[in-house]
Amino acid sequence: MAKKHAGADANDSDYNEEPNFEDPPGFVDTISDEDLLGDMLAQRPSEADGVESVVVVDNIPKVEPVRLEKLKSVINKLFSHCGDIVNVVYPVDEEGKTKGYAFMEYKHASQAEDAVKKLNNHRLDKNHTFAVNLFTDFQKYENIPEKWEPPTIQTFKVQSDLYNFINDPDAYDQYCVAAETAPNCVQVGFWQNTLPEPSELETRERFTDTFVKWSPLGTYVVTFHKPGVAIWGGSNFQKIQKFPHPGTQFVEFSPCENYLVTYGPTPTGQKIIIWDIRTGAEKRSFVADGMSVLSMFRWSHDDKFVARMGENSIHIYETPSFYLLDLKSIKIPGIRGFSWSPTDNVIAYWVEEQNQIPARVTLMEIPKKREIRNKNLFHVADCKLHWQKSGDYLCVKVDRYSKLKKDKKELDVKFLGMFYNFEIFHMREKEIPVDSVEIRELILAFAWEPIGNKFSIIHGEPNSSNVSFYEVNKGVKPSLVKRLEKKSCTHLFWSPRGQFIVMANLTMGTFEFVDSTNDYIISASPDHFRASEVEWDPTGRYVVTGVSSWKVKEDTGFNMYTFQGRIIKRTILKNFVQFLWRPRPPTLLAEEKQKEIKKNLKKYYAVFEQKDRLRLTRASKELLEKRAQLRETFMEYRNKRIAEWKDQKSRRVMLRGHVDTDNLETEEVDEEIVEFLVKEEITLLE
């Protein structure tokens, strides 16, 4: 056995002795368990009384025993969508009649919470709207203190004027330019299109993660972030409201800017949420089905209704309750598409061919649900609905076939001998007459003149297409007024004020500016290589073409032109993302006043020309002042350096062997000429 080293017992006793962590007598701990172990205490198992998964449903119909089973089946089916129901109790009175409320127990508490969220305020019929609450809420409200304490008065915050951008005396338009400075980090600059040079209003670093979007009337600009989206406005673009919807990919404003729709997944499974812009409250949410997620909803022009297409139906919701119109959907078997009129509460939809029944385009008046016009169509493969901005006309582009080929299982359908029709509905005329225009060539693009009675189409082969312009008049068939042949364009962009149009090839980056009132003469044909977007300003005076970094990585930026195609400004901007003009709200002037101004426009010319001259004079004066300031700065710098050079003369003479080289006489200089051969040429003389 090994011997212990001397002093080993003492060392062992030192290591085996437990340290004393007890508080000294009289010690008072000032740190609570919640502050010290808050994260662990939050995970501590809590006592449950077994009612967390129970909901109370009020305002159910009061029925006799003979109708009770039917009531149970309807309500149980509705509430079973939220989870597994373990137990249901419908209290009854002495006569066996229900008392107007029920208790439902779910398998999990989360399912009960989901039922409260989805079915509270659900309308069963005209007389019964559910009030759904958790059973535990009764205990919570029982513990409300009897003594009422008034809420803390919050300081009034003066909101910035959201419409100051339309108060500019010279009516200059605004625009924003976005550029990506880092991944998921976009800088946005706001500018005013002043003359002779644009004026910068505000520049925000890290303003959005992806891109921005203006509201339809230009009041707000929306930015995208991981937690959701935010809207900004006012003179300095302050944050007006934020909407928590993680992963939002796309947003839509209602036409009157009362509501915002966000599209994107969330942890709770909600993909589409409708928000109240002024309060920030969630009005209703939907889960996307197998149909397209983006732009599922269509708004009426006055924000009174919003609609979406379902399977063989249209769901129309009333605002602000967002209940279904008349508490039921409109059943339309075979519906394939629909669209609202931009100026009236009229829906246009089309139905595909079914069982030897022809396809049909229908105009329906809302909220009466009255069909005001029908048009049957034969041999239809597809339809596209195009409303004119003023709501005067509806054009239905019909893709028709001469022959239909199906396989044995009728799963694969091929359309042969394709040709195309334009069905023009005259919305402002009695009984809404319909004219038809047939085109035998492939239709590549269609565009209405926003204010006017013309539409344009691109047709033919993609590499050698034609552009045709049609005019629609009352009582006569639409007439072809001009055809421009062999034009390699892919898109048509009308001015918001009509008359002028840009024919663009967004593959090659070529553009042609056309005046539709001057025999469709091409006034200019500029190029902007790799341009991917075209933006008209709201007044129709300027056009911007842009090369986005989403498409290419080199030579990104934008060009600005007049409505006649004359280049005004070229801007090269690294990682340029998008250019957006700020929309303008409709004018508040009555139509009679507008006509009066147009009639007397000549007398305003002198005032406008005088303003232009003053502006140019002011700009010239500012330029001269700027040049004079630059010259003064240079002369100040020059005189400073000359004085410094003179102060260093003694040092300079000493370093040069006491020879003053600043004032050398020409007699003291020896001139030496050196000649050398630079080039030799041999020329043969005949």
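Cβ atoms are placed via backbone N, Cα and C, with glycine included.
Remember, it's a predicted structure, so these values are computed and weren't measured experimentally.
As annotated by Swiss-Prot, coiled coil applies to 590-642, with the evidence given as sequence analysis.
Residues or ranges marked as compositional bias 'Acidic residues' by Swiss-Prot: 11-21.
Sequence annotations record features per position, and here Swiss-Prot assigns domain 'RRM' to 53-137 based on sequence analysis.
For 1-29, the entry in Swiss-Prot reads region 'Disordered'.
Within its own chain, the repeat 'WD 1' (203-242) has Cβ neighbours under 8 Å at 159-166, 174, 176, 178, 181, 184-190, 248, 251, 253, 255-257, 260, 262, 277-278, 280, 538, 577-578, 580, 582-585, counting only residues six or more beyond its boundaries. The repeat 'WD 1' annotation in Swiss-Prot covers 203-242.
The annotation repeat 'WD 2' is assigned in Swiss-Prot to 289-327. Note: the repeat 'WD 2' (289-327) comprises 3 helix, 16 strand, 20 coil (DSSP; helix = H, G, I, strand = E, B).
The residues of the repeat 'WD 3' (330-365), classed with DSSP into helix (H, G, I), strand (E, B) and coil, number 0 helix, 23 strand, 13 coil. Look at Swiss-Prot and you will find 330-365 tagged as repeat 'WD 3'.
Residues or ranges marked as repeat 'WD 4' in Swiss-Prot: 438-480. Counting residues 6+ beyond its ends, the repeat 'WD 4' (438-480) has Cβ neighbours under 8 Å at 384, 386-390, 392-393, 395, 397, 418-422, 424, 426, 429, 486-499, 501, 503, 516, 520 in the same chain.
The feature repeat 'WD 5' is assigned by Swiss-Prot to 526-571.
Within the chain carrying the repeat 'WD 3' (330-365), a Cβ under 8 angstroms from the stretch's Cβ atoms is held by residues 298-302, 304-305, 307, 309, 312-316, 371-378, 380, 382-385, 387-391, 394, 396, 423, 425, 427, 432, all 6 or more beyond its ends.
Each residue in the domain 'RRM' (53-137) has a pLDDT score, and their mean in this model is 89.
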